[in-house]
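The next block holds one structure in the form of structure tokens; read it before the comments.
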Amino acid sequence: MTQRFLEPGELVAATHNKGKVKELKALFEPLGFVVRSAIELDLEEPEETEDSFTGNAILKAKAAALATGRPALSDDSGLAVTALDGAPGIYSARWAGEPRDFYAAMEKVRSELEAKSATDYSARFVCALAIVWPDGHEEVFEGDVKGHLEFPPRGDRGFGYDPIFVAEGETITFGEMDPDRKHAMSHRADAFNKLKAVLKTDKV
Ligand SMILES: O=c1[nH]c(=O)c2ncn([C@@H]3O[C@H](COP(=O)(O)OP(=O)(O)OP(=O)(O)O)[C@@H](O)[C@H]3O)c2[nH]1
Ligand SMILES: [Mg+2]
């Protein structure tokens, strides 16, 4: 399939995660896109049945594009811990239970590392961003940021596992970091920088 370009205009953010909505708006709105989230549009949350970040990203964007008739952008992301063989990975949200408790999820990461007597605390955040058009055309881009985990959790500025993640070359966690700084180096920013290739705008 040939690559398709996305014209500035209304874009549906196919996510129910408020932290992601904030970060996706910060990335796309300066480029002239009007981002409307699945929360605002009251879209159904599809079940994430694929076994990869890119698969789940496409699944979520496709559901939103079909429901709205508009191009939809989705984000499937998670924390991959080396000593836990990449867990929680695509199950990062599910590790927090329902209703979500990320302090419990971070504690679970810590206890699993301790149970293995792990000395390697390296980890990375992964993000797949997908854009799907109502006719089914899809584009997907994966990014990551490498770093390590530190306990106990520190900072309340990000979301999810941010309070235990320290990016390479940094000393503070994503939870302690100024949001603009996180946006510039995150897994989401890395995927976004690749996605820019399909954005038809003179602002990139
Ligand atoms: O500390 C974090 N900083 C980040 O920058 C980040 N990006 C993702 N995550 C976590 O990874 C899971 C994604 O799961 P996920 O892609 O299924 O998203 P979600 O279910 O929250 O919303 P939706 O987009 O599916 O509606 C969720 O647990 C997120 O908290 C992050 N944690
Ligand atoms: Mg999800």
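Counting begins at 1 with the first residue displayed.
For all residues, glycine too, the Cβ spot is worked out from N, Cα and C.
Unlike curated entries, TrEMBL annotations are predicted automatically.
Listed features, source TrEMBL:
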- T15, H16, N17, K18, G19, K20, S77, F159, G160, Y161, D162, K182, H187, R188: substrate binding site (BINDING)
- E47, D76: Mg(2+) binding site (BINDING)
- D76: active site, proton acceptor (ACT_SITE)
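Here the features listed in TrEMBL are placed on the structure.
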residue: T15; record: substrate binding site; DSSP (3 states): coil
residue: E47; record: Mg(2+) binding site; DSSP (3 states): coil
residue: D76; record: Mg(2+) binding site; DSSP (3 states): strand
residue: G160; record: substrate binding site; DSSP (3 states): coil
residue: H187; record: substrate binding site; DSSP (3 states): helix
Among the binding-site residues T15, N17, S77, whose Cβ has the fewest other Cβ atoms within 10 Å?
N17
Any idea which of the binding-site residues G19, G160 has the thinnest Cβ neighbourhood at 10 Å?
G19
Alpha-carbon spacing, H187 (substrate binding site) to D76 (Mg(2+) binding site), which is rounded to whole Å:
11
D76 (Mg(2+) binding site) versus D162 (substrate binding site) - Cα distance in angstrom:
16
Using Cβ-Cβ distances, find the residues under 8 Å from D76 (Mg(2+) binding site) that belong to the same chain and are at least 6 apart in sequence, listing them in sequence order.
E48, F53, T54, N56, A57, K60, I90, C127, A128, A130
For the binding-site residues listed here (E47, D162, H187), which one has the lowest count of neighbouring CB atoms within 10 Å of its own CB?
E47
In sequence order, those binding-site residues of T15, N17, E47, D162 whose CB lies under 6 Å from ligand 1:
T15, N17, D162
How big is the gap, in Å, between the Cα of N17 (substrate binding site) and that of E47 (Mg(2+) binding site), rounded to a whole number?
14
What's the CA-CA gap between G19 (substrate binding site) and E47 (Mg(2+) binding site) in angstrom, rounded?
19
Sorry to bug you, but what's the C-alpha spacing from E47 (Mg(2+) binding site) to T15 (substrate binding site), rounded to the closest Å?
12
